[in-house]
Protein chains: 4
Amino acid sequence: MPRHPFDDDTLHEECGVFGVVGVTDAANFVALGLHALQHRGQEAGGIVSYQEDSGFTSARRFGYVRDNFTKASLMETLPGALSIGHVRYSTAGSKGATQIRDVQPFFGEFSVGGTAIAHNGNITNADALRRELIDRGSIFQSSSDSECIIHLMARSLQRTIPEKMKDALRRVEGAFSVVAMTRTKLIGVRDPLGVRPLMLGKVADGWALSSETCAFDIIGAEFVREVAPGEMVVITEDGVESFRPFEAQQPRFCIFEHVYFSRPDSILGGRSVYETRHAIGVELAREAPVEADLVCPVPDSGTPAAIGYAAESGIPYGMGIIRNQYMGRTFIEPTEQIRNMGVRLKLNVNRALIEGKRVILVDDSVVRGTTSRKIKEMILDAGAREVHFRIASPPTAWPCFYGVDTPERSKLLAATMSEEEMRDHLGVDSLRFVSLDGLYRAVGEAKGRDASCPAYCDACFSGDYPVEPADMIEKGFELKAAE
Amino acid sequence: MPRHPFDDDTLHEECGVFGVVGVTDAANFVALGLHALQHRGQEAGGIVSYQEDSGFTSARRFGYVRDNFTKASLMETLPGALSIGHVRYSTAGSKGATQIRDVQPFFGEFSVGGTAIAHNGNITNADALRRELIDRGSIFQSSSDSECIIHLMARSLQRTIPEKMKDALRRVEGAFSVVAMTRTKLIGVRDPLGVRPLMLGKVADGWALSSETCAFDIIGAEFVREVAPGEMVVITEDGVESFRPFEAQQPRFCIFEHVYFSRPDSILGGRSVYETRHAIGVELAREAPVEADLVCPVPDSGTPAAIGYAAESGIPYGMGIIRNQYMGRTFIEPTEQIRNMGVRLKLNVNRALIEGKRVILVDDSVVRGTTSRKIKEMILDAGAREVHFRIASPPTAWPCFYGVDTPERSKLLAATMSEEEMRDHLGVDSLRFVSLDGLYRAVGEAKGRDASCPAYCDACFSGDYPVEPADMIEKGFELKAAE
Amino acid sequence: MPRHPFDDDTLHEECGVFGVVGVTDAANFVALGLHALQHRGQEAGGIVSYQEDSGFTSARRFGYVRDNFTKASLMETLPGALSIGHVRYSTAGSKGATQIRDVQPFFGEFSVGGTAIAHNGNITNADALRRELIDRGSIFQSSSDSECIIHLMARSLQRTIPEKMKDALRRVEGAFSVVAMTRTKLIGVRDPLGVRPLMLGKVADGWALSSETCAFDIIGAEFVREVAPGEMVVITEDGVESFRPFEAQQPRFCIFEHVYFSRPDSILGGRSVYETRHAIGVELAREAPVEADLVCPVPDSGTPAAIGYAAESGIPYGMGIIRNQYMGRTFIEPTEQIRNMGVRLKLNVNRALIEGKRVILVDDSVVRGTTSRKIKEMILDAGAREVHFRIASPPTAWPCFYGVDTPERSKLLAATMSEEEMRDHLGVDSLRFVSLDGLYRAVGEAKGRDASCPAYCDACFSGDYPVEPADMIEKGFELKAAE
Amino acid sequence: MPRHPFDDDTLHEECGVFGVVGVTDAANFVALGLHALQHRGQEAGGIVSYQEDSGFTSARRFGYVRDNFTKASLMETLPGALSIGHVRYSTAGSKGATQIRDVQPFFGEFSVGGTAIAHNGNITNADALRRELIDRGSIFQSSSDSECIIHLMARSLQRTIPEKMKDALRRVEGAFSVVAMTRTKLIGVRDPLGVRPLMLGKVADGWALSSETCAFDIIGAEFVREVAPGEMVVITEDGVESFRPFEAQQPRFCIFEHVYFSRPDSILGGRSVYETRHAIGVELAREAPVEADLVCPVPDSGTPAAIGYAAESGIPYGMGIIRNQYMGRTFIEPTEQIRNMGVRLKLNVNRALIEGKRVILVDDSVVRGTTSRKIKEMILDAGAREVHFRIASPPTAWPCFYGVDTPERSKLLAATMSEEEMRDHLGVDSLRFVSLDGLYRAVGEAKGRDASCPAYCDACFSGDYPVEPADMIEKGFELKAAE
C-alpha cells in the first residue's frame, strides 16, 4: 500500500476479505468491497460466485481490483446472488515466487457440495497440519497455509459444511477471520482471540461480511456489528444464525489495526480509526512535547496523528512533505537509475514551508528505520533548523505471526537499539515514541495496558504472543525470556 | 488527474513538457520529470531522444509514465544525452477519438536536420493556419493544433532551426510554452504573455527545462530561473543563450496555475504554490467568516486552503472526507452498477468526525457544481448539522482557450447563476468564493487586481481574454460585451 | 488441427505427451518435442521440470507451443535435466469452459516427494473413481479425468512413487499412455491394450519418451522401440528398467492413429504412417476403381492416400484444392460475415485444373459430412464434370471413448445412413469407403481383420469396444447389440 | 511466408494490395482479401475505410491479418462501403527498425478531401524525390518510398484527386501497382511496364481490386480482367472508368510471380499459376532428365513442379519431406538452442520413403544455397542413395529493385558460381536449373525468350533491368556490362 514511501520499511496487513449474499450480481458488490479493502492487500485478488445455472465460477488475478474486477466481460462470468472475495499482499521480495494458485478464495468440492473460503490471518501450526494431511493422502495445490482449512474440512466426519468448518477450525491455531460460501450460505468465522477484524453489514435485502466497515460505505451497506471473537455466523437469504464453536477466551484484537492497518474512515471497537489516531497524536504531544515551528506529517499514514499533535500542542500544522499521487504500487521493471531515486519518486519536500523552521515530523511507526533516515535528510536539505521525530506507536521490536508481513527480528531497528541509539542512528534532534500505555489510552483503555490481562494483541511491541507460534518455534524462533 | 472526485467537474491542465541536455541517458531523466508532471496530463506521454549512432528515436504511449517509461527494454531504445518529453490530458468525453498519432513530441525532418517539439498551451489561430498550410501542400498527420508549428518551420525561409522556430512562432497566436530539440540543442520558448509556465534548471553538467519546478526536485536538479515571457533559450552542452524573438508585452501568467493546476510543492513567481493556496485560505477566512466546529478540505486540492482557513479562523482542522488511494485514473470499462457509484468510489465520509458538527468545506473551485452537490449530500447523510462551502477561487464563468480543458460556457454553473442561486442550487447553508482581489492579494499583489493592467490572465473568472480567441470567434463564441 | 477445413467435422486426438531425462535444459527439448506433437493437441500445453536448487517448476499456457514455450524468459524458469510436457486438444464447442487448471501435467506432493504426470488417453471409469475419492476427502482441482491418477497415488499404501503409480493405474480402466516424473526418474506406462502410442528414444546421454517418433527427429534423438502395451519403464540417468504391472492381454492399438491422427513421418508398428496411408490409397483404387481424369486430395490429410490411389490407378494426380497456409487454428472472435465464409477461408479450388474434368476426391474420413458437402459444391462450381469421393477409412459409425474427441453417435453420418444414402446426401456421382479388411491389409495384416481376435481397436468403425465404457453406459450409452 | 523452410534463403514479395467499393462493411471484405494475400506480406497490415458519419478511419497492426482484422471490436471501427488495405513483408534482418508508421495505407488530407493509398512495388527514384520534397517543406512521417506519392499529390497543381495522382505518378520511376481511395472513389493504377500484378473483380453490386485473383475467390467475387500496364481505373458505385496517363511501353510483367510469388490458385495472364509451375516441371524433365526412383518436392512451393516432373518422367512422386503445419512465421524470441535447430523445426524427412532411393528433389529456386545444403544433408542422413536437385527457375544472379526483397548481389550463389561450382558446393549428385527459354515456354511463349524484346521482367535471372534503378546506381550498384 502506497501510504508509505518505502514498501519494505513498513508493516503490511496481508489480506482483506469480503462476502455478500442476497443481492443481484453479488460479485459486483464484492469487487467494490475489495476495492475499498485494497490497502489490506495489493498483490492479487480473487472472487468466487455461485448461481444455480452456472454453478461456482471464479476469477483470480494479479494486480489491483480496479484494473481487473471492473470489466463487464469478466464480471459477467461471475453471476449470482452469493459471492465472496479476497485481496492479498505482496510479501516483500518474494513476488517472483507467488503463483496464481496461491491466490484465494480456495475452493473444495465435497460430497455434500462445494465450498469456497477466504482467509485473513495466519495459521501458526500450518506446517504441522500440512505434513499430517499429506501423509493421509491430501494433494495440496498451493503453498498457502490457508489451504489446510479446505483439506481438514474434506476429511471431517461431520455431515454439513458449517459443521465440517467448525471441525476443521478447531484443529487450527493462530489468527483467522474467514469468509466462506456454499451454494446457499455465506459464512463468517473469527478465531477465539479475534485477532483480525470481521464486520457484519446489511445491504438492501441481503447481508455482507467485511474486514473493515469502510467497505460497507462504498456499497451503501449499513454497519450492523462486529462478528465477535470466537463466533461463527451462518447467513442465508433468510437471516443470520450465530454459533460459538470454540472455547471462550479473553479477546486480543490486534492493536496495530488502529495504528496503521485499517483505513481511517473505518470503525473499530465502536470508534473511528481517524479519531483514535488523532488521539494518539494528542497523547504524543502530552508525553513528548518539544518547542517547534511546524508539525508536519509523513504522508499519508502520519496525518491524523500530526493533526492531533498540532491541535494539542498549539504548534501550526502544515504539509511539509508532498506525496506524488501517481505512484501506484511502484515502478515496474525500473531502470537502475530509477531504483536509486528511492524516496524522491514518492515524496517531495515543500521547501518553502520547511526552510529555517524547527520541524516535528509525525510518522506512524519505525520498522527498519531506512525511510526515516532518508526523510530526515530531505528535510535537512530543505533547510530545516531542527528535526524532531514523533512516532505514533511504541517501538516495533518483535515480528508478527498473525497475518502481518514483518521483517525477521534482527532487521527491526527497535530489536537491537535503545530509543537513544535509534535517535543517534537516525540523526535527528529528538526521537520519541508514544508509550504502550499512551497507545492503550488512545484506543479507549483509560487506565492504559493491564499487563495481567491485556485487552489487545500487542506482541509486535511487547513480545507477548497470545498464541504460541508453533511452526516458528520449530524453525528456531526464540520467545521473549520470562522475566 | 484524480485530485478531484469527478473528472468531468474540474478544469484540467492539458499538458506538461520537460527536456534535458548534457547528461548520460537523458531519457531516464525525462521519464522522471514527466512522472513529476503527471498531474498536468494523464492520458498519454511521449519521449524523443537523440544519439549520433541511433539518430532520433521516440516512444509514445497511452497511460501513465510510471507504467510505460520505466521499463529498461523501452528506455534502452531512447539513448543519448539530449531528450525531451510531453504528457497530455484526456479531454473529457473524447477519449475514443484520440489516436497515438496525436501524442507529442512531434517530429519533422528538415534539410538542415530533424527537430522534435513538445507544446504546452493552445494556438488560438490553429484552424486558419492549418487551412493555409494544407492549401500549400502540407500533409498533417495529427489533429493537434501543435503540429502547425512543425509545418510552419518546414516552410520557413530561414536557414537554422532556431531561426525557423522564431519565424514559425511569430505566425502563431495564443499560449505556448514549447520545449524542442535538434541534434545538438535543447530549445525553450514562451509566448509573449507567458500564459503557461516554463522553468530552467541545472542538473549535473547539463540543463533542464520543465513546466514546473517539482520536476527538478525529482531528478536532483537545481531551479535556476523561469524562462521569461517572450524569451527563447537555446541550450547546448556549452551553455544557455537567450533571445527575445517577439515584441514585448505586459505578461499575463495564468492565475489558475496557482489555484489548482500546479503542484503544491512547485515554485511559481518566487512563491511556493502551497503557500499561495494557504494564503487564499487565510483571505477566505477574512472575507467570509462563519461560526463552525470543523474546517474540512475536499481532498486533495482543497487541503492547503483549508489549513489556511483553519489557522486564520481558529476553528479545528480535520479530515472529514477520506480519499481512496487506489482510484488511479478511473475504473476501466466499468459495469453500469459501478458507474452509478460515482463519488463513493473515490471519497468516503469520516462519519465519526462529521456527525453533529457545523462543517466548513473548503474546495478549490466550482465548475459544473455536480460534485459539490454530491459531497454536500454525503456530509449531510453523515449527520452534519450545517454545511458551509468556501471556494478558494472566484466563480468560474468563462471557458479557457489557452490550453485548459473547460466545459462550454453554458455548462459553467457561475455563467448562469448568481452566488445566491448557486447556494440554493447546491443546497448548502452558505456558499462563498474568494474575491478576485483576494486572490490577487494571495498571489502577492498587495493592492488586488489592477483592472487597467492586470498582472495575470484571469479570463476564466473575468472574461477578459488577453489574446483574441480567433478560431473560437469564427465558430460563434461571443466575447463579453464591453461595459 | 488445421489439417482439415472444418474443425467440427473431423475426429481429434486429444493429447500428446513428451518427456526427457539426462540432458541439460531438458525443458527446451520438451518444448521442441511438443511442437512436433502439436497436431495431437492445439488448445494448450504445459511443461514441468526439476532441478535441485529450484525444485519442481511448471508453466501451463493456452495456445501453441511455438508461441509460448520458445521465449527465453519463460524457459529459464524451467531449469534442470528432467522434464515432461503435454499438449491438449480443444474439444469442440467447449472452449469457454476449459480453464488453465485443466491443463496438464498435473502435480502432486507426496510424503516421499513430488510427482508430475501427463496423460494421453481417457479413463472410462473416471466418474466412479472421482466420486469415491471425494467421499474419502480428496480435493479435486480440475475437471480432468486424469487427475484421478494423482489422488489414487496419494492414497496408495505403497512406499515408492513407481509402486504408487502401479497401484493407482491398476484401479484405472480405459486407455492411458502416461509420462511421469519424480525428482530423479522419468516414467512411462502404457495400458494393457496399448490403445494409445508411446515411444522410447535415446538422446545424447539421456532418454526420451514421446507419443510419436516424429518428435524424436526434431531433437535429434534416435528411436529405440515402442513402450509395449502393459509395460512401465522407469528411467534414470543410469538406464531403463522395465516392469509389467498389469495382467497380460491381446493388444488393441488404435487403428485410427494410422488413418489420421499420427503424423505421416512417424513410425508406428515398424511402418511409416505415410506408407500405410499410401497403401490405403492403393487398396481403395483396387476396391473402388472408377474412370476419371484427375485424382485430387482433400488437403492435407488425404494427400498420401491420393498419391497411392493415383499411382495404382494410373490416373493423373493433381492439387485441385489449395489450402491457405495462414489459417492457424481459426479466426479468433470472427465477425458474423467471416463465420459464414466457412470452408472458403481455408481452401480454394484450383479452377483451371478442375474445369471439365471427372475428379476423384480422396479424403481420410467422413464424420458429420458437412465438409464433404461443401467441398463437393466448390468442385462442381469450378466446373467439374463428375465428382467421385474415395474415403481412406471405413464409415465412422461409433464414438470413441479412449481419448479421441468424437461427436455423439447420432451426429455421425454413418450411424444413420447406408453408404448409398450417404452418397445421395452428399450429392456426388459415387462414394466409396475402404473396407475394414482393406484397412487391415494396409496396416500389414495380410489376411484382413480377424473378427475373433482383432489386432487393433477399431471401435469407431465396428462398435466393438475392447474396454467397456463404464461411465458412458451409466450415462445411457447403448453398446452394439450382440448379433 | 512459410512456404519455404528458411526465411532468409528465399525471395519475398514485399506487398499485397486490396480494395473494394459498393458493398456493406467493405472493410470485412478487405480483411478477407488481405488474408488471401497474406503470402505477399506477413509482417504487418493496414486497412482504411470511409463512411460519411465517421469519415476516414484506419487501423494498422503488426502480425497476421487473421489475428488482427477479424475481431468484431476492431472491424466495427472501420465502417463504410469503400475500403482499401495493404499487407507488408518483413525485410530480412530489419524487423526491429520497422515502425508502425511505415505500415500502409498512407493517408493525406488535401484541400479537396482525403486520400489513402496502398502501394505494391518499389520506386527506384524515391531517394531523389524525398530530398526534393523535403527541400520544399514537406514533412515525412515514414521511411517508406511510397510516402513520396502522397506528398507529390499534395503539391500537384491539378484540381481533382485522380488528376493529382496522375500528376504525381508521372514523376515516379520503378514498379507500382497502387490501390487508392477518396471519399467516393476506388482507384487502381499500374506502372507502364506492369511489373507487379493488379486485378479487377466484381463483387455483388460493387467492385474490387486485388494483387491476385485468389483474393476474389475468398470473397465470392468474379474475376473480370487485369488492370492493364499503364492503366488507371477510377471506380465509383456507378462503374469503372479507364484512363491511360502514361506513355505506352512494351509491358514487362515480373516472371518470378509465376515461379514463386503468386499463389498456385491465382490466374496470371489467363493461366493458372499451378499449371504454369506444373509446366515448368515438365520442361525440367525434358531438359534435365535423370534416372531415379522418386520425385520429391521441397514443400510447399516445389510441389506443382515436382508433380509435373514426375508426370513427364514417369518416375513415382512421393512426399519425402514433411512440413510441420504449426510453424507460423517462426519461433518468437527463440532460445539459442532452438535457433540452432534450423530446418528441422520446419521440415522432417520421411525416412521410410527415402531410404535406399535415388531421389530427385524439386525446388522453386536457389538463392543463397544454405537451405539446399541442409535439405541435401537431411536426405542423405535418411539413407538416400543419390540426390539430384532440379530447380524450377534459372539461376538467380541479380537483385530485384522492383518490390522484391533480395539479398545483395554478392550473397546470391549464382552471382559467384557456375552451375557446376554450385553442384559441388551443394554436394549433390546433379544440379540443374530450368533454362530461361524453358521458363518462357512454360509461361506460354512458345518460342522462348525474345532477347530483343522480352515479354517479361526477368532481371533477377538476366541482369536486364527494364527501369534504371537510379537510387541504387547512386549508391554504387553496377549494372551488367554491355556485351
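Counting starts with 1 at the first residue shown.
Cβ from N, Cα, C; glycine included.
Look at TrEMBL and you will find A:CYS15 tagged as active site, nucleophile. Positions annotated as domain 'Glutamine amidotransferase type-2' by TrEMBL: A:15-238. According to TrEMBL, the feature [4Fe-4S] cluster binding site maps to A:CYS254, A:CYS400, A:CYS457, A:CYS460. If you look up TrEMBL, you'll see A:SER301, A:ASP363, A:ASP364 marked as Mg(2+) binding site.
For the pair A:SER301 (Mg(2+) binding site) and A:CYS457 ([4Fe-4S] cluster binding site), the C-alpha distance works out to 21 angstrom. Remark: of the binding-site residues A:CYS457, A:CYS460, the most isolated position is A:CYS457 (fewest other Cβ atoms within 10 Å of its Cβ). By neighbour count, meaning other C-beta atoms within 10 Å, the densest spot among the recorded positions A:CYS15, A:CYS254, A:CYS400 is A:CYS254. Nearest in space to A:CYS400 ([4Fe-4S] cluster binding site), taking C-alpha to C-alpha distance over the recorded positions A:CYS15, A:ASP363, A:ASP364, is A:CYS15. Listed in sequence order, the residues A:VAL195, A:ILE255, A:PHE256, A:TYR402, A:VAL404, A:ASP458, A:ALA459 complete the 8 Å Cβ shell around the [4Fe-4S] cluster site centroid, once A:CYS254, A:CYS400, A:CYS457, A:CYS460 themselves are left out. For the recorded site, A:CYS460 ([4Fe-4S] cluster binding site), the DSSP three-state label reads helix. Ranking the recorded positions A:CYS15, A:CYS254, A:CYS457, A:CYS460 by Cα distance from A:ASP363 (Mg(2+) binding site) puts A:CYS460 first. The two recorded residues, A:CYS15 (active site, nucleophile) and A:CYS254 ([4Fe-4S] cluster binding site), show a Cα separation of 14 Å. Separating the Cα atoms of A:CYS457 ([4Fe-4S] cluster binding site) and A:ASP364 (Mg(2+) binding site) is a whole-number distance of 18 Å. When the alpha carbons of A:CYS254 ([4Fe-4S] cluster binding site) and A:ASP364 (Mg(2+) binding site) are compared, the span between them is 15 angstrom. With respect to their backbone Cα atoms, A:ASP364 (Mg(2+) binding site) and A:CYS460 ([4Fe-4S] cluster binding site) stand 14 Å from each other.
Sorting the binding-site residues A:ASP363, A:ASP364 by the number of other Cβ atoms within 10 Å puts A:ASP364 first. Predicted-model confidence for the domain 'Glutamine amidotransferase type-2' (A:15-238) is 93, expressed as mean pLDDT. The Cβ of A:SER301 (Mg(2+) binding site) has 23 other Cβ atoms within 10 Å, all protein chains considered. In three-state terms derived from DSSP, A:ASP364 (Mg(2+) binding site) belongs to neither a helical nor a strand segment and is classed as coil. A:CYS254 ([4Fe-4S] cluster binding site) carries a strand DSSP state (E or B). In the three-state DSSP classification, A:CYS400 ([4Fe-4S] cluster binding site) falls within coil.
In the three-state DSSP assignment, the secondary structure recorded for A:SER301 (Mg(2+) binding site) is coil.
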